[in-house]
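Novice: Dropping the structure in here first, questions after.
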Amino acid sequence: MEPPPLFSPPLPTFFLFFTTIYLLGYFVIFRNWNPTTRPQASSCFLSLSHGTPAVVLSTLSLLQKNPKTHFNFASPNTPLQNLTLDYSTAYFLVDLLHYLLFVPTDHLFIAHHAATLYVFLTCRYAVNHGAYPLLVLLVLAEVTSACQNTWSLAGFRREESPAAAAVYGFLSPVFYSVYTVVRGVLGPAFVWEMGVFYLRGGGAIPRWVWGSWMVVIVSAILGSDLWVWNRWVDWCTQRRKKD
């Protein structure tokens, strides 16, 4: 089976959808926010529109039954899996443009988005196989999206609003705890299984593809673990100061 043509109809449609969501946040919902936090708040709003729907789409696509290839790390992509990849690809493209325009010095997030796009695009358009493990990881990555973005938005306003400060203070340990379990335990365990499978041959996925995927995924997990570790350190430091 030949890989689908690049920029199949769903991808530009989703790109337009996420662009509209970002502009709605920037020009309507957060129009009265200060110039520093306004773009970041719009990015959070964009992420909110992606995270939970991506979890739902990914879960539905993973539950599709195919006795011969179900739960195969190198199985052919199903139409719903490809649709989910297009959905998330469009989100990361729009959010990458946000970082390039408004936060060009945030090299970590720019590299993360570019690397994620590389993995999704090669899976979707170069090999058309291997969506199963990537969508499992997408579920693990986005299951905390609603909490994370609510926490981020509250954090932007905590200096100006006691209510936002209260929400931020309440959500911080909750979010950090769930994030730590998902990114620090479940994610690495699943990636280990991926590595074992691919080292045994990789099925229909060429070595250069799965090898580059593993480099990107392991790097992303290490970056996530370092990020949440720093958040825990900051939280504990603030707690000690209050005591």
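Keep in mind that glycine also has a Cβ here, set from the backbone N, Cα and C atoms.
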Novice: Suppose you had to name the range TrEMBL annotates as transmembrane segment; which of 42-63, 64-85 would you pick?
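Specialist: Based on what TrEMBL states, transmembrane segment spans 42-63.
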Novice: Please report, as numbers and ranges, the same-chain residues at least 6 past the borders of the transmembrane segment (42-63) whose CB is under 8 Å from any CB of it.
Specialist: 18, 21-22, 24-26, 29-30, 78, 80-81, 83-84, 87-88, 91, 94-95, 98-99, 131-132, 135-136, 138-139, 142-143, 145-146, 148-149, 152-153
